[in-house]
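Listed features, source TrEMBL:
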type	residues	note
BINDING	Lys7, Phe8, Gly9, Gly10, Thr173, Asp174, Tyr179, Arg184	ATP binding site
BINDING	Thr47, Glu74	substrate binding site
DOMAIN	265-341	domain 'ACT'
DOMAIN	347-407	domain 'ACT'
Amino acid sequence: MALIVKKFGGSSVATPDKISSIVQRVIREKKEGDQIVIVVSAMGDTTDELVTLANKITSKPYGREMDMLLATGEQISIALMAMAFEEAGEKAISFTGGQAGIMTSAAFNKGRILDLQPARIFKALQEGNIVIVAGFQGQTSRGDITTLGRGGSDTTAVAIAGAIHADVCEIFTDVDGIYTSDPRVVPAAQKMESITYGEMLEMAKLGAGVMQPRAVEMGSRFNVPIHVRSTFSEEPGTMIQEDYAMKVKQYLIRGVAQDKNVAKITVLGIPNRPGFAYQVFAELAEKNVDVDMIVQSVRIAKEGVTDITFTIARTELPAAREVLAHIQKELSVEDILVDESMAKVSLVGAGMAGHPGIAAGMFGIFSDHHINIEIISTSEISISCLIAEESMEKAVQAIHAHFFKEN
Ligand code: ADP
Ligand code: ASP
Ligand code: MG
């Protein structure tokens, strides 16, 4: 007897037939006494289509209304899946995020789960239901619908697994586990048996879209074992867990990640005095825009002014542009340049600290391929380089081949 959370991503529930075959599989694998909570994403590319629909009306960021729109995708899937279970003779009930007790901050489009009261989930399970919860959504204390950021159904699933103390959270997707790099970009990527929360969190933050970073964070906080596996095969996938037996440090390099959702912004000729950088970043924070890499350069030729270059997610440009227009007016900077053709390539591994040759090895690959590095940033377990998006795939493949000794 086990308490299991199973999450199915968009491609897994893309058609009614796929929903029905998931239902058959769940019923087949369910053991006597098992209690099952299923979290589902919107069908196929529904969320992208809803974004496109909104863009036909406006290019401005309407947070609340956007969430009202985006949350509808997951509601279609939960209702259909509950009907499919009933058709197959199994009791089931669907819940929206709010009905499942998921309370979030009021940061529309990137709500954070603040509380999860699973009373209704428990009651429905005790009544013999398979419980189906809409991923990616929650509700504020005022009752407004929020969404959790793209890929947020992963976070819904892990948060529920943590709150109900599930034995495992299974993330069913279109790959059969976590690989050393995105297998769609690097065909030679290798599947991992397991990975620690820390390394997976770094991979996810740096662009490995197979898991939303917050889901991994949540898994680590509540110690939820996460099993990433294929919807279309029964083979075991990859466990994300704290595994001391894994001897984490033996892996110098764990993976290569890439991220195209990057925009580079340069504020030229900003007064080189205390308070100016603060004003730029405080205004961005006010609009909930996350800043990633930051470089401030010193201009020798023209004293008194400096240039600041930073990166944000490309999807946050509409909100950032409002701030930049205001800054250009208020701070009388020389110019503001926005470049939407950059990408970030990163090398991740808990064992890389204290191995100076690794950065050099990575930069050597860029040099060999005549790829210019615009910004470099590091953490204890990663090195990231900002390069032109057009060179991204070639760079990821070459870095993977070098560090994973492909033949
Ligand atoms: P879902 O709709 O099931 O949530 P996603 O598209 O969000 O699926 O995530 C699965 C995809 O993540 C895979 O198809 C793969 O291309 C991509 N991916 C990126 N990096 C990795 C990696 N390191 N290992 C496995 N998959 C990865
Ligand atoms: N449907 C949402 C998205 O496409 C959430 C998810 O799939 O995890 O981002
Ligand atoms: Mg996903």
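Glycine residues also receive a Cβ, built from the backbone N, Cα and C atoms like all the rest.
These figures come from a predicted structure and were not determined experimentally.
Where TrEMBL records a feature, it is marked here on the structure.
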residue : record                 : Cβ contacts under 8 Å, 6 or more apart
Lys7    : ATP binding site       : Ile38, Val39, Val40, Ser41, Gly135, Ser153, Asp154, Thr156, Ala157, Cys169, Glu170, Ile171, Phe172
Phe8    : ATP binding site       : Ile22, Ile38, Val39, Val40, Ser41, Phe172, Thr231
Gly9    : ATP binding site       : Ser41, Ser153, Ile171, Phe172, Thr173, Asp174, Thr231
Gly10   : ATP binding site       : Ser41, Ala42, Met43, Gly44, Asp45, Thr46, Thr47
Glu74   : substrate binding site : Val40, Ser41, Ala42, Gly97, Ala134, Gly135, Phe136, Gln137, Ser153
Tyr179  : ATP binding site       : Val186, Ala189, Gln190, Lys191, Met192, Gly255
Arg184  : ATP binding site       : none
Reduced DSSP assignment, Asp174 (ATP binding site): coil
Candidates near ligand 1 among the binding-site residues Gly10, Thr47, Thr173, Asp174, Arg184, judged by a Cβ under 6 angstroms: Gly10, Thr173, Asp174, Arg184
Coarse DSSP state, helix versus strand versus coil, of Lys7 (ATP binding site): strand
Among Lys7, Phe8, Gly10, Glu74, Asp174, Arg184, the binding-site residues whose C-beta sits under 6 Å from ligand 3: none
Tally of DSSP helical, extended and coil residues in the domain 'ACT' (347-407): 27 helix, 14 strand, 20 coil
Tally of DSSP helical, extended and coil residues in the domain 'ACT' (265-341): 28 helix, 28 strand, 21 coil
Assigned element (helix, strand, coil) containing Tyr179 (ATP binding site), judged by DSSP: strand
Binding-site residues near ligand 2 among Thr47, Asp174, Arg184 (Cβ under 6 Å): Thr47
Greatest inter-residue Cα distance in Å for the ATP-binding set Lys7, Phe8, Gly9, Gly10, Thr173, Asp174, Tyr179, Arg184: 22
Where Glu74 (substrate binding site) falls in three-state DSSP terms: helix
Where Arg184 (ATP binding site) sits in the secondary structure, as DSSP reduces it to three classes: coil
